[in-house]
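The signal peptide annotation in Swiss-Prot covers 1-24. The disulfide bond annotation in Swiss-Prot covers 33-59, 35-75.
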């Protein structure tokens, strides 16, 4: 192979390998807590689904996020007794 062609091929491969990094592709989904404020409770009939995010490197708190029937999301206080009851009721409704 001609040295100029080899150099050109190496440069193209290097450019291709680093272009993914240059696009700004996210490394992780979210690296912070999603809930800035929490509610002590909400009526169960307004909840469509419930998501419990355990604490981890992204956030030191367990987060409970309820998706409401109107499409909005609400952050619930995982320490509140009413929220704990809601989580238990939602878990009982999930088939094993």
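Along the chain as shown, residues are numbered 1 onward.
Glycine is treated like the rest: Cβ placed from N, Cα and C.
Quantities reported herein were computed from a predicted structural model and do not represent experimental measurements.
Each of the disulfide-bonded residues 35, 75 was ranked by the number of other C-beta atoms within 10 Å, and first place falls to 35.
Around residue 33 (disulfide bond), the same-chain residues six or more apart in sequence whose CB sits under 8 Å from its CB are 58, 59, 60, 61, 63, listed in sequence order.
Every protein chain shown contributes to the tally, and the Cβ of residue 59 (disulfide bond) ends up with 16 other Cβ atoms within 10 Å.
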